[in-house]
Amino acid sequence: MLSVFCYTEFAVEIPVAGGSFAYLRVELGDFVAFVAAGNILLEYCIGGAAVARSWTSYFATLLNHHPSDFRIHASSLSADYSELEPIAVVVIALVCVFAVISTKGTSRFNYVLSIVHIAVIIFIIVAGLTRADTANMRDFMAFGVRDIFSASAVLFFAYIGFDAVSTMAEETKNPARDIPIGLVGAMTLTTALYCVLAVTLCLMQPYGSIDPDAPFSVAFADRGMDWAKYIVAFGALKGMTTVLLVSAVGQARYLTHIARTRMMPPWLAQVHPRTGTPVNATVAMLVATAVIAFFTDLSILSNLLSISTLFIFMLVAVALLVRRYYVSGETTDANRNKLAACIAAILATSARAPKLWGVPLVPWLPSASIAINVFLLGSIDSKSFMRFGIWTAALLVYYLFVGLHASYDTAKALAAESALAAKVEEGDGKPAQGAVHDGEY
C-alpha cells in the first residue's frame, strides 16, 4: 500500500504511459531509469510466465489430469528447467494475437472476465467456509516469524498489477480523482480478497496438504465437493487469462515508451496504423515471456520476480522523496547534501506541495516503503540474487555500449530542434526536414 501511494502521486503529477520508467527518468535520470526499465521488462516477462505455467495446472485439473501429464520432461536439462510447458506457450501466443488486434477489444474482454472472476472468488469463499475446520489453524505459525517474512517477499509479485494500471494515467479524464481511487481502492480490495482466500484455504486443508499446483481445486475435491473443483478451475483460468491480457498491454506500453527515448531500438516504438497497437513491442515481449514460461520452474520465477519488484518499488519511493525535497536550480547545495546523506536530514529541509494529489505524511510513508522493501529483499535466497545480478550486469553492458549513446544523440537532436524552433519564432530560420518531435522522427 505504501508503494501504491508513491505510484499514485507520480501517476497524477506525471500522467504518461511510461509508468515507473518515466517517473524515475524525470527524478533520478536516464541511468537509473534504464536499470529500472530493464527490471520492469523482466518483471513483466517473468510475471506472465509464472501465470502461464499456473494456467496449465488449472487446465489439467479441469480435465481431471495432473499438471505433469501436459508437461514434457527433458532429463538432459537442469532440474529447475526440465519441466517444459508447451500449453503455456500456446496460451501466451493466443494472448499476443488478441493484444495485437485491438487494445479496446482487450479492455472489453478483460471487463467481462473480471466480473466472472469476482463471482468465482465469492463462490470459493462461501462454499469453502462451509467445509471449514478450525483445527487446521491451531499450528498458526508453524515456521516462525522469519519464514513469514520470507513468504511475504516471495508473494510480493502477486501485487504488482497496479504498476500496469499507472501506465493508463494519460488516458484518464480526471487523474487527480480517478487515479487515487483506482489504485488505492484496487489494492485495498485485492489485499482483502487475498487474505480471506488464504484463510479459507487453510481452514479447508492443513497447510501441509495444500497442493502446490492447483490448491483450491484439490482442496474442494478432498473435502467431498468434487463438482466444485470444476467451477474453481474454470474461474481460475478466466482470472489468469485476464492477468495475461492486462500484462500484455502494459508491457507493450512500457517497451514502446522506452524505445521512444532511443534507449531501446526505435522500431519497437512503432504503432500499427490500422490497429493502433504497438505490434513490435507486444510480440517481442510475449516471445520472451513464452521462452521463459516454457523452461523455468515457478519457484524460480516467483523469487526473481519479487526481487525486481521490490527493487523498483524502492527506487520509486526514493524518487518521490527527491521530487518533494529537491528542485534543480531552487534547492540549495546544503539541502541537497542533506537529502543525499540520509532520511533524517530530509526532515530538516522544506518539502514542496504537489499540485494535484500527494502522498500523506511525507517523508514518513515513502521512507517506510524504502525500509520495508529493503527488509523483504533480505528474505530472498542467494541464488535469486545471483540471477538478478547477472541480468543487471547485462543491462549495464547494453546501456554503456548502446543505450547511453542513443539517448545522448536523441537529447542533442531535441536540443537542436528547440533552438531552431526559437529562431523560427523570431523569424530567423525555418523548420528542417526530418526534425525530431516528441521522441519520434
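Any Cβ shown, glycine's included, is placed from N, Cα and C.
Long-range contacts of the transmembrane segment (84-102) within the same chain: residues 48-49, 52-53, 55-56, 59, 70-74, 109, 241, 244-245, 248-249, 252, 272, 275, 277, 279, 282-283, 286-287, 289-290, 293-295, each at least 6 residues beyond the stretch ends and with a Cβ under 8 Å from a Cβ of the stretch. What TrEMBL lists as transmembrane segment is 84-102 (among others).
Feature annotation from TrEMBL assigns transmembrane segment to 109-128 (among others). Proximity of distant same-chain residues to the transmembrane segment (109-128), defined by a Cβ-Cβ separation under 8 Å and at least 6 residues beyond the stretch ends, is recorded for 98, 193, 196-197, 200-201, 203-204, 216, 219-220, 225, 228, 231-232, 234-236, 238-239, 241-242, 245-246.
Per TrEMBL, transmembrane segment is recorded for 148-169 (among others).
Residues 1, 4-5, 7-8, 11, 121, 124-125, 128-129, 131-134, 136-137, 139, 142, 158-159, 161-162, 165-166, 215-216, 219-220, 222-223 of the same chain, all 6+ positions outside the transmembrane segment (181-207), place their C-beta atoms under 8 angstroms from a C-beta of that stretch. The feature transmembrane segment is assigned by TrEMBL to 181-207 (among others).
For the transmembrane segment (227-255), the list of distant contacts is 17-19, 21, 37, 40-41, 44-45, 47-48, 51-52, 54-55, 58-59, 61-62, 91-92, 95-96, 98-99, 103, 106-107, 109-110, 113-114, 116-117, 119-121, 123-124, 127, 161, 163-164, 167, 214, 216-218, 220-221, 264, 268, 277-278, 281-282, 284-286: same-chain residues at least six beyond its ends, Cβ to Cβ under 8 Å. Annotation comment: TrEMBL describes 227-255 (among others) as transmembrane segment.
Sequence annotations record features per position, and here TrEMBL assigns transmembrane segment to 276-295 (among others).
Annotation comment: TrEMBL describes 301-322 (among others) as transmembrane segment. Counting only same-chain residues 6+ beyond the ends of the transmembrane segment (301-322), those with a CB under 8 A from a CB of the stretch are 2-3, 6-7, 9-10, 20, 23-24, 26-28, 32, 36, 39-40, 42-43, 46-47, 49-50, 53, 153-157, 160, 163, 292, 339, 343, 346, 359, 362-363, 366-367, 369-370, 373-374, 376-377, 380-381, 383-385, 387-388.
Same-chain residues lying 6 or more positions outside the transmembrane segment (357-376) and placing a CB less than 8 Å from one of its CB atoms are 2-3, 5-6, 8-9, 12-13, 149, 152-153, 156, 176, 179-180, 306, 310-311, 313-314, 317-318, 320-321, 324-325, 343, 346-347, 351. Summarising the annotation, TrEMBL assigns transmembrane segment to 357-376 (among others).
Confidence for the domain 'Cationic amino acid transporter C-terminal' (357-407), expressed as mean pLDDT, is 81. Feature annotation from TrEMBL assigns domain 'Cationic amino acid transporter C-terminal' to 357-407.
Residues 30-31, 34-35, 38-39, 42, 261-264, 304, 307-308, 311 of the same chain lie 6+ residues outside the transmembrane segment (388-408) yet bring a C-beta within less than 8 angstroms of a C-beta in it. Residues or ranges marked as transmembrane segment in TrEMBL: 388-408 (among others).
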Sequence-remote partners of the transmembrane segment (148-169) [C-beta within less than 8 Å, at least six residues beyond its ends]
4, 7-8, 10-12, 14-20, 40, 43, 46-47, 50, 141, 175, 179, 182-183, 186-187, 190-191, 194, 243, 246-247, 249-251, 253-254, 302-303, 305-306, 309-310, 312, 375-377, 379-380
